[in-house]
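Per TrEMBL, the feature transmembrane segment maps to A:20-48, A:69-91, A:103-125, A:137-159, A:193-211, A:232-253, A:259-281, A:293-318, A:338-364, A:385-406.
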Amino acid sequence: MSPEILYALRDPAGVPTQPWLFLILGALTLALHLAAVQVMLGTGALTLRGAYSQSSHWRRLAAHMLTTSKIAVSVAIVIGVAPLLFVQVVYDPFWYTSNVLSGWWVIGFILILIVGYIALYAFYWKNHHLASEGGRSGHWMVLSLALLLLVGYIVHALTNQMLFPEQWMAWYAPDGNIEPTGRQLHYSHPLRFAFFIALSLPVTGAWLLGYRRYQQARPDADADYIAWLKPLAMRLLTLGGVVSVILGVLWMLTLPEKMAWFALSPWSVLALAALLVTVAFPLLLGARIDRGYWGYATFGVGAVALIVVCAVREVLRYVTLVGSHGYDALDYTVHMDWYSLLLFLLTFAVLGGVTLVYMLTVAWQAGQTTGRYSPSPALSWMGNLSIGLLGLWILAYFAIGFYVWAS
Amino acid sequence: MEFIGLYPTWFEPGVGSGWIIGIIATVHVLFSHTAVGAAIFFAFLASYAHRNDRPDLLEFIRRYGLFLLVFSYVLGSITGPGIWYSTTVGSPRGISALIHNFVWMWATEWVFFVIEVIGVYMLVYLASRVDRQTHLRLSIIFGLTSYTTMLVIVGILSFMMWPGKADWFTDTGVLNGFFGANTFAQLAMRTAFMFTMTAVVGGIVAAGFKDAQFKRDVARKLAWLGIGSAILGVLFFRWYMATLPETATLIMSNRMPEWFPIGVIGMLVAVAAYFIMTLLQPRALVATGAVAMTLVVLVFGLWPGEVTRESIRKPWVAGQYVYSNQVIGRDVPGRGIESEIPLLEEHGFLRTMVFLPEHLREVTPDNAVEAGHALALAACSNCHSLTPTGMRPLQDYFTADSDIDAIVDYLHAGLASGNTLYMPQIPFTDDEAFALASFISTLTLPVTDTGATVDATEPMAPTALVRSGVEANAGADSAAGSDTAGEAPSVETSGQPLAALVSSPVAPREMNP
């Protein structure tokens with residue numbers, strides 16, 4: 001595909017803001033989405049591991065991880081909407097072509113995800129007393145994890161197919177015969193997929209450290225259980241981190257020729273360093289991990305590392321498409337729309353910020369409270385403010401809408 | 001050579017991409033409208049429960065919330081992006097047009113999605129662990145947030161039909177595209193409908209309550225909600241209809257299956273009867289009845305509604321400038337968008353399509369059928385299945401006694417001008433029309449009595465229908481060129497609209513999409 005053809009596929013409507021903003025938001029939200037996906041997979045695997053254990057600690061962990069995994073699927077889906085939106089804005093020729101070429105799998109993604117999620121709930125419904133009685137009907141959990149991995153693989157293939165415009169015609173019309181059913185996934189890089197899946201090990205390790213710290217703050221904290229969690233979390237973090245780094249290096253060594261420059265670039269070194277810092281962080285903390293809020297810090301560092309990985313991944317995509325195919329995502333025609341940009345920024349930063357802080361603080365503190373929880377007056381005021389901001393938003397919608405309609 | 005940015009085509013030979021998009025959209029509407037309605041109903045119930053010291057109502061919220069968590073938020077949250085996915089493969093330039101115009105509106109809606117998902121988990125899992133005031137606050141936040149998601153998406157859906165303001169094409173700001181009469185009429189209609197759905201689906205949970213008094217209270221509240229919202233829904237539907245462009249009304253009266261209005265009216269009567277019954281006799285509220293009513297609403301209300309909404313904006317698929325076959329058929333000066341029709345008129349599809357094997361760029365006697373297949377994929381298959389099954393199979397529009405010349409005549413007369421109701425302007429070049437006709441002639445075309453008189457209820461051989469169109473259309477082709485692209489049928493010959501001459505004989509076959 002020549003650059004002219006790729007540009008011909010670009011949407012003629014242009015974009016309503018400078019393209020770099022979409023790239024940044026895409027990388028940021030992808031990192032959050034990946035974190036939720038990796039927690040979902042890791043806690044799901046821990047559920048399966050613990051549900052059938054004789055150890056009461058394992059079964060207790062399995063019960064908590066099952067709830068975590070269930071919620072993490074929802075969070076992964078809802079956060080995943082954002083990078084899905086942004087990739088279509090600046091990489092539309094690539095994303096749409098890749099999807100159409102595997103249309104059958106794109107539709108399959110929806111059905112597989114629904115079945116995978118329902119299977120997770122099926123396991124949950126069968127195991128209301130998981131901690132005390134152990135697991136039942138584990139096949140639902142196995143099915144769920146297998147299907148969730150499969151949807152991850154589909155997205156992996158779609159994301160990679162974007163990067164090979166030189167192959168698109170051969171995939172669409174092999175030997176010159178058009179094959180429009182989209183029943184093939186055309187390209188995958190197993191080591192790249194394995195790297196991103198393996199990251200769920202250290203991410204889940206970091207999550208467990210935070211979970212352990214959270215348990216410490218409960219008035220009915222079980223010191224024995226908390227002590228048992230630490231080596232498990234550390235093993236997942238360090239061994240999982242090493243496995244991830246090895247897979248990452250293998251991915252770099254097997255990059256396609258046009259991307260080979262990336263392997264030894266400062267970008268990949270930066271990503272490697274971020275991962276290693278995350279793995280080493282609890283070791284550097286030592287005994288401080290049980291003091292203050294340091295127990296949560298490893299997950300924070302891990303989240304930053306994921307942002308670095310996603311940003312570096314974006315560099316790989318951007319430079320590959322500019323360098324090998326002459327398509328510059330940053331030269332999209334801009335038709336600035338200040339209203340919708342400001343609406344988003346205000347909704348995100350002010351309304352979303354206040355409301356989410358209120359809700360998450362309530363959830364956090366209620367979880368650490370024995371009996372019925374009542375928030376502080378300041379926090380309750382924040383809840384009222386959230387309601388006020390939502391009311392104001394709706395009022396503004398109708399006021400502006402009626403004004404535009406009437407004028 | 002200049003290219004037009006048509007993507008490859010995804011063609012599902014069994015049911016067609018159109019049905020898949022429609023099914024996913026319909027299921028999503030069921031889930032999402034119920035979820036939004038339930039969220040607002042929750043807020044009302046929580047407020048009522050706290051003011052009247054009725055903790056039993058909070059138990060209803062908790063149980064209904066758990067049910068909804070799976071019914072709406074698990075399935076709704078997947079089918080929502082599912083619509084994106086399905087339109088991405090079924091109509092990539094259509095969804096692209098919406099995203100490139102409204103990306104920040106969608107991003108704003110995403111913020112509300114995040115709050116909403118956290119909210120539903122908190123309402124379910126913290127119902128008995130937080131004090132009443134906090135629970136009430138969470139319920140109100142959840143209800144308001146859910147409704148804002150509808151406020152945002154309705155503006156985008158309205159744009160799909162018809163940009164809010166007429167001057168959007170020159171001043172393409174989001175506000176001009178987003179807000180208009182159709183936006184508010186559609187919002188009112190959908191709001192009423194979501195409460196009807198809430199009342200119907202809420203009955204599935206309420207039916208299971210053991211406390212007779214409590215069940216009676218909830219059943220009555222749901223019944224009043226259902227009756228009131230159904231009455232308002234009918235009124236708002238009439239308002240919505242009044243905001244539609246003339247072509248939409250024409251298509252609705254000519255192209256929709258005959259059972260649609262009967263089905264919708266029957267559904268409304270059934271809903272009203274059902275709620276009157278549960279109002280007078282709350283014991284009649286049983287889970288199987290509520291499930292049956294949900295299915296009735298799904299099949300006789302939602303399905304016709306979504307199919308109609310999808311159909312009445314044809315031939316456009318987004319903003320009255322992207323045709324259903326993905327070609328840009330109208331200038332949008334405010335965005336520097338130019339119609340691709342002039343380029344197609346000059347060079348045709350085969351020389352300007354990106355995704356085409358090189359040996360098909362020139363039509364020859366040897367490759368005519370294959371080139372015709374490629375053209376049918378690109379220009380027709382979004383709305384017409386190329387196999388005997390699926391949406392509006394192409395083969396149903398022609399008869400076995402149609403020869404290639406007759407089909408060519410029809411393609412030129414019926415499509416090149418853009419004056420066939422419901423169809424995009426498709427200016428095939430002569431060799432392309434020949435290629436497409438060659439492909440169509442290989443399909444299993446229905447056999448008819450060639451000597452039969454044209455009957456409004458039977459398909460007609462293009463030979464006959466095209467002749468009348470061509471003769472009447474003499475000299476009118478140039479007038480129906482790019483200058484009129486995107487406008488309602490307007491070219492008249494011999495005192496008759498060209499659309500009537502060309503399109504009416506094929507209409508009967510479209511009565512069963």
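Note: Cβ is positioned from N, Cα and C throughout, glycine not excepted.
Please treat TrEMBL annotations as automatic predictions, because they have not gone through curation.
Cβ atoms under 8 Å from those of the transmembrane segment (A:193-211) belong to residues 34-35, 37-39, 41-43, 45-46, 64, 68, 149, 152-153, 156, 229-230, 232-241, 243-244, 247-248, 250-251, 275, 278-279, 282, 289, 295-296, 298-299, 301-302, 306, 309 of the same chain, restricted to positions at least 6 beyond its ends.
When the stretches A:20-48, A:232-253, A:293-318, A:338-364 are ranked by Cβ pairs under 8 Å to the transmembrane segment (A:259-281), first place goes to A:293-318. Residues 347, 350-351, 354-355, 358-359 of the same chain lie 6 or more positions beyond the ends of the transmembrane segment (A:385-406) yet place their CB under 8 Å from a CB of it. Against the transmembrane segment (A:137-159), stretch A:20-48 has more CB pairs under 8 A than any other of A:20-48, A:232-253, A:293-318, A:338-364.
For the transmembrane segment (A:338-364), the residues of the chain that approach it from at least six positions outside its boundaries are 16-17, 373, 375, 379, 382-383, 385-386, 389-390, 393, judged by C-beta separation under 8 angstroms.
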